[in-house]
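As written in TrEMBL, here are the features:
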type	residues	note
DOMAIN	58-347	domain 'ABC transmembrane type-1'
DOMAIN	383-627	domain 'ABC transporter'
DOMAIN	696-984	domain 'ABC transmembrane type-1'
DOMAIN	1021-1261	domain 'ABC transporter'
REGION	1-21	region 'Disordered'
TRANSMEM	58-78	transmembrane segment
TRANSMEM	106-129	transmembrane segment
TRANSMEM	179-197	transmembrane segment
TRANSMEM	203-223	transmembrane segment
TRANSMEM	283-309	transmembrane segment
TRANSMEM	321-339	transmembrane segment
TRANSMEM	694-719	transmembrane segment
TRANSMEM	739-765	transmembrane segment
TRANSMEM	816-836	transmembrane segment
TRANSMEM	842-862	transmembrane segment
TRANSMEM	920-943	transmembrane segment
TRANSMEM	958-978	transmembrane segment
Amino acid sequence: MKEEDEAAGGPEATPSGNEVSNKVELEAEAIEEPPKAGFGTLMRVFAFGQPKDRMIQIVCALAAICSGAAMPLMALVLGRLTANFTDKDEQASADFMKHVRTNALWFLYLFIAKFTLVYIWSFGFGYSANRMVQALRLKCLNRILHRSVTAHDAQTPGALSNAITIHCNSIQSALSDRIGIMIQAFAMLLASFAVAFSQSWHLTLVMLGLVFLTLGLIGFIVGSDQKIEAGLLKRYADCSAIAEDALGSIKTVIAFGAAPKFLAKYEAILDQAQADGKKRGPFVGLMFACQYFFMFTGWAIGFYLGAYLYKHGKITDPGRILSVFFAMLIGLGAIMALGPNMPSFIKAVAASGDVFKILDDADQTDSTVDSIGSRLDTCNGHVELRNVSFSYPSRPGQKALTDVDIEFTRGTSTAVVGPSGAGKSTLISLLERWYQPTEGVLSLDGYDITAVDAKWLRSQIALVQQQPQLFNASIFENITYGLIGTEQEHVSIEEKMRLVEEACQKARALEFIHKLPNSFDTIVGDQGGLISGGEKQRIAIARALIGRRPILLMDEATSALDNENSKVIETLMTASEDRTTIFISHKISSAMKADRIIVIDKGQVVEQGSHEELMASGGLYKRLHDAQLQDESEPTEFTPVESSLIELNPLIKGPSVEPDSSPNNLAEIPDITKRSLFSNLCTIAKEQKRYWPVLLIGVLSAIVTAQIFPVQAILLGRVLETFQNNTRQSQQLSSDANFWSLMFFVVGLGALISYAVLGFFMTLLGIRLTKFYRLDYFRAILSQRIEFFDRVTSGALISRLSTDPANLHELISVNFGLLISIFVSIISGSIIALVFSWRLALVAIFGAMPLVFAAGFIRMTLDSSLAEATAKIFEESARFASDSLSSIRTVKAFTMETIVQKSYEQHLAQTMRKLSRKTAAITLFFAFSESAELLAAALGFWYGGKLLKEGKTSTEEFFTVFIAVIVGGQAAGALFGFSSNISKASIASNNILGIRRQTHAPEEQAPLLDVEGEKDANVIVDFRNVSFAYPARPEVTVLKNVSLQISQGQTVAVVGSSGSGKSTLLALLERFYDARAGSINVFGKPISSEEADVYRRRLALVPQEPTLYRGSIRDNITLGVDEDKVKEEDIISACDAASLTELIASLPEGFNSDCGAKGTALSGGQKQRIAIARALIRNPEILLLDEPTSALDAESELLVQETLQSIQKQGGRTMILVTHRLNTVKTADVIIVMAAGHIVEQGTHSELMARKGHYFKLYQSARGEEV
């Protein structure tokens, strides 16, 4: 938490304006340049391999090279067979068939060799890539954990966790089987050159020039495309940041109807991404078009030149010409094999740029951790600040502290008090070495702390923050994190349990923990969401106490505690127990018990001394004291709570589920109805009729491209016929060569046009559909009921929101066109084969193709299972990383970096074990599909030779069928090469479309039975026999037969112990949940009779822990209103009412000052006041307040209380507030006292005091009087 002056540390101000679209477009355009990256950046990942990995990679590279080199050998076999077939009339029948069988066996041997080699390199590269990227993830996490707090403030946890998860996933995908495909393709290309040179160097040199031209163009295109891809990744990272803001505080978004504003920001960035993505169309189209155009141009030139060389005696054997042709066909096929894999490499290169930017950016590193420094033999806890001044790095011109001189000694307790924004919490930040003084010296036991090892320093300090962060682990684990860095860190479990119980006893946590079903093994949930705020605070205090560290820092440590527990903790705070205790508090009753009190105002120490001395001096401290009138104590927990897990801070996080089904274990979106990919694609097609023209052009171009290779088979058959039917001196040879060369060139032109059209239009379609479904996905998630978010963590949703649209895009863009092209090509090739020689075609197609398709389908099924399992596992690790980074200050304060890394490493190790077993099975079928065309070739050659011998087919027919079948086999292998894309897209489409199908109509609920009875027209809120249990825990009833009536204009205070159901009343009024029984009428009609969004416009909510968002103060205040209808004076009036005017006037940018991510640029009190202004500007009929003054200093609290009283006096507006502040309680028209889900008392202050019941005891306890 930063104070007002700490607001100086916020990001640059957001441009002002009333049009949301204009603002978000400016924000979208302000995205920083993506990091520069090249192929060399991606190759740096190999440095993270161990010697074992390097050995595996060497073996796999050799296997890939050998498997690639095996294919061009087929060209030699084909050349010899061509000679055999051409001269078959001159050979004896037995000799002819012997040659055929021998060469057919060579194909079989090549199949066995390639199958084995492909399996080796595919599994090996995948295994080593997993290990390398695992090391990369750990290194990246290590660097992120050791980034400076300033760097963390400037970047969201979601963006950083994206680098560890999504970006590293892209790198892993590229460096697993795809790098093997690339090496195999390059080896195939080089071996093809070698074979071609061995047959005719003249012919090869000519065709080689075209190959190099093709490679050069592809290199240029890939480089340009990579820059665009890097920009897209940055845009999508910003989208993730917006989603993180919204989903991390979903109840605030829903309560204020702010979803459209977040969607507008999200869409603005997606518009920019779409504009960038459209630029890829020409590059993608050109990449594919050039490959095929130059291939057929090479065929044209090669055939023409080959015939010329043959005619003039430079080549004597036509078989050599055909060997060169087939070798170059295989070589160019290798280049084409690079095409479908290029997008993955481009994405991986761009992703590696982001990852290595984190690793290389020394400026972002926390030097306090990386510089070892000294470790003192003992720590006496003597802390001294001498002339310390400090300015936050992002606003160096404004001082948060000025010439501060303070001394903290061992064995004493010191309270630090002052107005909000005075600089109190800045002291905590400096003592924790999150920042370093700009001027002066901060010393520990006489040593400048900048020269002391930071981790050792933090191991001597225990910290309790105002908003404590717990981790999604057991209570026992959360508390034992406080032992890290102490002598007790490695003691036995039994001793740790003893220490935990002792700390919990001191923190007043033992009693409620023992009431839990699983006691210390209870999982606290995401961000501690399974327990109430007071219970979370006590666990945090126990965590701080368990290590018995010599320095104890407490920042508003009792803000969430009831009076009885608060008093015990305050006694503990002031009883120094031979340690240095420093605590910040707005409660003067807490501060007055300290040995010494420091008063800070505007970054300077204005007073210090004991309570008596400061009261006598009549300065700021006395004014703060008098303003509070000793009434700041919270009420006592006067009635035992049946279950400490009854109320789970419903206005902030909502309840979660039991540990066995908690969000910790949920890595997929629940209740999704799974449908086939075909069904989902049909749904997309029906929804996107406006893009049918684009789709139609793409599909037609794909069908045209599909005919290219069957036509190639016919042309090659004609080439063979030309050499077979014409002698070297024949004039017809030249005429045929000219004609068929021209035909090759014409086909090349067709390929150029059709592939350019395919690439451009399918890229355009993909980027448009991606934009639509990213936005639609986000909209569908925001439209879910609150119980949905109780079951799925925001981290898992953000991960899905990033990965699912990306996976869907991988299929519905260019790959979709390629799949259509490949599928149609298989059909066309089969038809041509059947037309030319049905006997040979039937054997070749049905003898080998069923095996190819069977292997492909099995592979696809296994791939789908693996993709689903991988997604779940990586989502869990993504959630873990995001949770840890969201609590980075706690991680640093308790030196948990090593623990976090080890836990993350365990997640990854578990992933490795699960993936390795499944990958081994999948690789078998991948290897078969990659080499099956050789099996088809062996069968085809043997049976084709038999048919030739028997005169049932001609040489031209044989080669036409053979090439058609071979190309078809390669196409089938390529088809199933997309199995991973298809599997991921299937899961993604189910999630994207499925979550929309399960979206409820706006907050529908079954009509509640209205209880008969008289109705008062003046009653605005009417609860009658209402019972309620959270959907995630239906067996625990939170409210039990609650009946109450609130009249229009009344101010109603709700008091009671933690977990008694107070905030649940507000949650029901906000329609976050529906009552299980009874009736709720609001505004004279059933609460469910009006559309939820319309209903909520008449309410406003001020939560206990307010959430602010990136953007200006103006943006945050107007979050819940239409900015076009809000006047400047309305904003000023709301700020006046919330005591914000002075703060805003002090900021250089005024209303346009940026609040920082999650409001980090402001103090807790300042955030609370902005939240109050945000509620008041809505001019609500019902104002709901949950501890609205809990984070305010005495003066601000008094001002806000005066505002509330002013509203109360004006009449007409109904206020319902949950509060512990007695001043507010006393002036309420009605006070409702709750315990264990029941209303035990209600009435005015005087009425309840006269009864001398629960409220009387509560009030007397809070006043410190004897009952």
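Glycine is no exception: its Cβ is also placed from the backbone N, Cα and C atoms.
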Contact yes or no, the transmembrane segment (283-309) and the transmembrane segment (920-943), 3+ Cβ pairs under 8 Å, gap 6+: no
The transmembrane segment (58-78) and the transmembrane segment (179-197) contact flag, 3+ Cβ pairs under 8 angstroms: yes
Cβ-Cβ under 8 Å with the transmembrane segment (106-129): same-chain residues at least 6 beyond its ends: 49, 53, 56-57, 59-61, 63-64, 66-67, 70-71, 73-74, 77, 172, 175-177, 179-180, 183-184, 916, 919-920, 923-924, 926-928, 930-932, 934-935, 937-938, 941
When counting Cβ pairs under 8 Å to the transmembrane segment (816-836), the leader among 179-197, 694-719, 739-765, 842-862, 920-943: 694-719
Contacting positions for the transmembrane segment (739-765) when only residues 6+ beyond its ends and CB under 8 Å are counted: 277-278, 280-282, 284-297, 299-301, 303-304, 307, 691, 694-695, 697-698, 701-702, 704-705, 708, 711-712, 715, 718-719, 722, 812-814, 816-818, 821
For the domain 'ABC transporter' (1021-1261), the mean pLDDT of the predicted model: 83
